[in-house]
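Report on one structure; see the data block that follows.
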Amino acid sequence: MSDQPPAENADVRQRRAPESPVTERLRAPARDDARPTSDESDMEGILQDEDSDAGSKNKEEKLERLTQAIPQDKGSLGVFADSMLEALPPRWRNWVVRGLFSIIMISTFTFIVTRGATWLMFLVFLIQFKCFQEIISIGLAVYRLYDFPWFRALSWYFLLTSNYFFFGESLIDYWGIVLKKDNFLHFLVAYHRLVSFALYCIGFVSFVLSLRKGYYMRQFSLFAWTHLTLLLIVSQSFFIIQNIFQGLIWFLAPVAMIICCDIMSYMFGFFWGKTPLIKLSPKKTWEGFIGGAFSTVVFGILLSLALYNRPFFVCPVQHYQTDSSNCTIPLAFQLQDYPVPRPFSFVYKILRKEPIIQLCPFVFHSIALSLFASILGPFGGFFASGFKRAFKIKDFGDVIPGHGGLMDRFDCQLLMGTFVMVYIHSFIRVPDASKLLKQIMTLEPQDQLNIFNLLQSELSKTGLI
């Protein structure tokens, strides 16, 4: 086989298919005046951070600046108290600080519970605002938008709008009962969804008008950050307040179970913890997890036995506010007869007693709530730990010495509030006759008569009248 002449080979190498305009632009040398935008610089910085050692240093510097922008808990109690704890090892110093502020928080919470539903709702809103502020502050630091004052204001505007959408109708009904006024702010209830949507549209248009060239990526990222935070924070606080309306015990018991699980898991892990539980939280141990779960179930049973016969805790809020002296105890809190399990029935036979035990159903409900609080509740904390690790921060804030921010204390409550609401709707809640009557009375007179005639006809068929 004969080789081709060199000249022909050179000609073949020089012949190429015509390039598209896009390819030509990509191959064209960069111009001196072609400067990347702010968003492009961010993307280039991210790629450099992932692919080079120099980028790794830049990443550490950025994370250090982020940590400086977000207050971190140092476990300090002030100069005088710190000097008293100075001789203790850091581990025990942290134990004392955490224990002291745990006692303060539990005492404050107990006082607020005794003041009733209104105080508890204000507490939920206060915690909601602070948790929202902590998460939004992290977003503003990450996307470096502190020099956009209107963006921070927009985030808070969306929070207020979301609260009005979620809480408008229920809180107006509640305050109508408290103030003993019929049709309280009825015009807001009638057009609640329209007003909510109009308020959201104002915020949406304001966001679009605030967009600046070179900051689009950051602004849209924080817009999504804000809405995800609203979904997590506002919706959960809405569920928690709905639980309060069902009776204070549906708020108090789950919250107390989470607190018990946190404390006992910490205690068991502090003294006996050796086996790591999850990489996201290296300090969490299997010993603490199991000890906390067992303690929470026992605590839940004891708490249910202590509160089941107290109308202040078990009556739905609207019924208790209307007539606290004649509140009908819900079925879940009325004593019922249950047969003693066979392995233990022989004890009753020896004592010549009928093998029946009286318990209220809420004792069994408390076991289900305790198991969720101790087994799945901690995953809210693991989720928060993963979030903090993603941004290389230790705490969401420093408002509570020894604990961090409020979000650090209430991360486990997020899942719990939703579970209790789902549990109530699945196993406990029954239609509220007074609420149905109130809705009927808002109808036109002819519609009210139609409902009366239809109801009378159905009751006659069933033989009730």
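Heads up, the Cβ atoms here are built off N, Cα and C, so glycines get one too.
The annotation region 'Disordered' is assigned in Swiss-Prot to 1-60.
What Swiss-Prot records for 10-38 is compositional bias 'Basic and acidic residues'.
What Swiss-Prot records for 39-53 is compositional bias 'Acidic residues'.
Sequence annotations record features per position, and here Swiss-Prot assigns transmembrane segment to 95-117 (among others).
Residues or ranges marked as transmembrane segment by Swiss-Prot on the basis of sequence analysis: 121-143 (among others).
Under 8 Å from some Cβ of the transmembrane segment (158-178) lie the Cβ atoms of residues 117-118, 121, 125, 128-129, 132, 184-185, 188-189, 192-193, 195-196, 199-200, 203, 226-227, 230, 234-235, 238, 241-242, 245, 317-318, 321-322, 435, 438, all in the same chain and six or more residues away from its ends. The transmembrane segment feature in Swiss-Prot is assigned to 158-178 (among others).
The feature transmembrane segment is assigned by Swiss-Prot to 187-207 (among others), with sequence analysis given as support.
Sequence annotations record features per position, and here Swiss-Prot assigns transmembrane segment to 214-234 (among others) based on sequence analysis.
Listed by sequence, the residues of this chain that lie at least six past the ends of the transmembrane segment (239-259) yet keep a Cβ under 8 A from its Cβ atoms are 106, 109, 113, 116-117, 120-121, 124, 167, 170, 174, 296, 299-300, 303-304, 307-308, 312-318, 330, 333, 362, 366, 369-370, 373-374, 377, 412-413, 416-421, 424, 428-429. Under the heading transmembrane segment, Swiss-Prot lists 239-259 (among others).
Sequence annotations record features per position, and here Swiss-Prot assigns transmembrane segment to 288-308 (among others).
Residues or ranges marked as transmembrane segment by Swiss-Prot: 367-387 (among others).
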For this session: Any chance you could find the range in 95-117, 187-207, 288-308 with the most Cβ pairs under 8 Å to the transmembrane segment (367-387)?
Result: 288-308
